[in-house]
């Protein structure tokens, strides 16, 4: 029997009025740094101001003060999110054709922006159907609003106003919790309490209230909409909530109230809490009754999880105990000391959260098309492509951010004197083995995946199709992926006997869902072409990981620069007199990792865009014949590099290149402008600091001659600043180019 010491009572931990609110201080640029607050001597000042404004570590070394600043900043972030959401809902209320779309979502496109007619700009307002002229939007908000049961633009207005109120509330909270009642450090470090509140409150009660909204508001309203009832005739949300008889007409078991729940006769509720699988043939989205059931189940899980950790009462898990008990026969001290790292280094904490959130965002990207959650989402090809692309980019950036903050943790917060033989120390001690093996994997994947394509290009060029790797010659079938697909396709009759269809139509079988003559989803065939491009995915992902992981593991020291930790997170080179030590800082690894992340995600979204147009999206005739947008050319065309260039990039760019004079012309201009932004980045990436400093001094001389020289001395960008500006424009230009290319294409043909 273990006798524990009595648990200390947890007190409310805040400091009252710790920092006075001062607008004078606020208006003084760089008030957080003695050097920057002096004002500008050279133009470098403005760059340092931006670089350090949010680097709270550089303002103070007091962890409590840093924690308070981060906490307060989070409220500011939430305020901006509410403001953005309010703007989206306001556009839906004021400038959109939402009510018209709701009455006929298969023939009318969503639009929530009308361009003012200045010198011919009204050309941008295309006809989206139903006599409405505007810009077709691809954010998926209309589908989301329909799923939540919004039936009028007035409801959107009210929600927009509500979001503004919340934005103001968040701004107030950010000020209040920094200036009036700021939490003490112990409050930020009380992980069990935080877990309980986030799990039970945010995720548990959040999911439960959403499930409640779906059952009492969304389901009945959507049932009416699916039956073709005019939105104006449907009772309002509060009528369903207040009047049980209304719901009982649609779902008879509602008449029994909570009796079946307390008598454990839960199957009574299976009218509106279903387990069907597959898609609703009317809307092409997941069954909303399945979604409500899912949120109820998730809520139960998180409500239970939110009661697992030990706080004021002496029962439940302690995170420190769990981590310290977590050691195996080959892992030394295991996770001993990890608790201290995660409660004193917010960079370490943020790194883990970014890695998990980034991975989750990419999982969301895939689920949005494989299991389209909202009504009429699957047949809105522009929105499907946009949602996939958006979530892939966001996921990529978050994962690079995880590596960035892991490296900052290593440089600023890691204390090697207190860490011995725990898992992190063991990883650091055999980092050479890890990185060299990972490097070997990258070389193997790169040569072999690219080599398969080069072989195909060569055979194709020489007129020897029978010697190519393809579904019709030398087959390289993705047998493991096909096996997984098949297993899931058979699951409803075997491992999931309660389900009537598999989780996603993409797995296989002979189901096809079409809405209004357009394919929503069908089984996605995988073949040699997918096998080839998946190995390119493996290659680009592994190289990205190699660069980022090397940056983290060698952030403090390396054979080349043993004292790297003293140089900080970002530095250009190891001082003058030591050649060959440039681009070794942890920051530089993040910089280089961003380019490979861009490579990796680009291949993924290109693959997705072409695959869906070739093998999934299209129209279906009355006889049941499916005609795909690009006629199934992916399997034979994408197996050569030339095929990617000719049949994807060039063939599908015709819409954006020929968009002038049409409502898509803005995409043509963006395509051009984004190429320019991308090319502009090369000026920063391919030139050194000295070149620009020389040029600047010549220009300053001319200004002096004319007596118009500024008081602030102009300076060339530092090496790091130049790289930062370069990578920013590279990514912005590349992503915006892809965006214009994708949207002009899919809006024209989809």
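Keep in mind that glycine also has a Cβ here, set from the backbone N, Cα and C atoms.
As given in Swiss-Prot:
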type: BINDING; residues: 573, 582; note: [4Fe-4S] cluster binding site
type: BINDING; residues: 675; note: chlorophyll a' binding site
type: BINDING; residues: 683, 691; note: chlorophyll a binding site
type: BINDING; residues: 692; note: phylloquinone binding site
type: TRANSMEM; residues: 70-93; note: transmembrane segment
type: TRANSMEM; residues: 156-179; note: transmembrane segment
type: TRANSMEM; residues: 195-219; note: transmembrane segment
type: TRANSMEM; residues: 291-309; note: transmembrane segment
type: TRANSMEM; residues: 346-369; note: transmembrane segment
type: TRANSMEM; residues: 385-411; note: transmembrane segment
type: TRANSMEM; residues: 433-455; note: transmembrane segment
type: TRANSMEM; residues: 531-549; note: transmembrane segment
type: TRANSMEM; residues: 589-610; note: transmembrane segment
type: TRANSMEM; residues: 664-686; note: transmembrane segment
type: TRANSMEM; residues: 724-744; note: transmembrane segment
Query raised in the report: When you measure from the Cβ of residue 692 (phylloquinone binding site), which residues in the chain that are at least 6 apart have a Cβ under 8 Å away?
Result: 716, 717
Query raised in the report: When neighbour density is defined as the number of other C-beta atoms within 10 angstroms of a residue's C-beta, which of the binding-site residues 573, 582 has the lowest density?
Result: 582
Report task. Sort residue 573 ([4Fe-4S] cluster binding site) into helix, strand or coil using the DSSP assignment. Result -> coil
Query - Nearest-integer angstrom distance between the alpha carbons (Cα) of residue 582 ([4Fe-4S] cluster binding site) and residue 691 (chlorophyll a binding site) - result: 17
Query raised in the report: Which residues, sitting 6 or more apart from residue 675 (chlorophyll a' binding site) on the same chain, put a CB under 8 Å from its CB?
Result: 733, 737
Query raised in the report: Apart from its near flanks, which chain residues at least 6 from the ends of the transmembrane segment (195-219) lie with a Cβ under 8 angstroms of it?
Result: 147-149, 237, 240-241, 247, 250-251, 272-273, 288-289, 291-292, 295-296, 298-299, 301-303, 305-309, 311, 319
Report summary line: residue 691 (chlorophyll a binding site) and residue 573 ([4Fe-4S] cluster binding site), compared by Cα position, are separated in whole Å by 18
Report task. Specify the secondary structure state of residue 582 ([4Fe-4S] cluster binding site) as given by DSSP, simplified to three classes. Result -> coil
Query raised in the report: Within 10 Å of the Cβ of residue 691 (chlorophyll a binding site), how many other Cβ atoms can be counted across all chains shown?
Result: 10
Query raised in the report: Going along the chain, which residues at least six beyond the ends of the transmembrane segment (724-744) come within the CB cut-off of under 8 Å?
Result: 138, 382, 385-386, 389, 393, 591, 594-595, 598, 602, 605, 609, 652-653, 655-656, 659, 664, 667-668, 670-671, 673-685, 717
Requested in this report: Give the distance between the Cα atoms of residue 683 (chlorophyll a binding site) and residue 573 ([4Fe-4S] cluster binding site), rounded to the nearest whole Å.
Outcome: 21
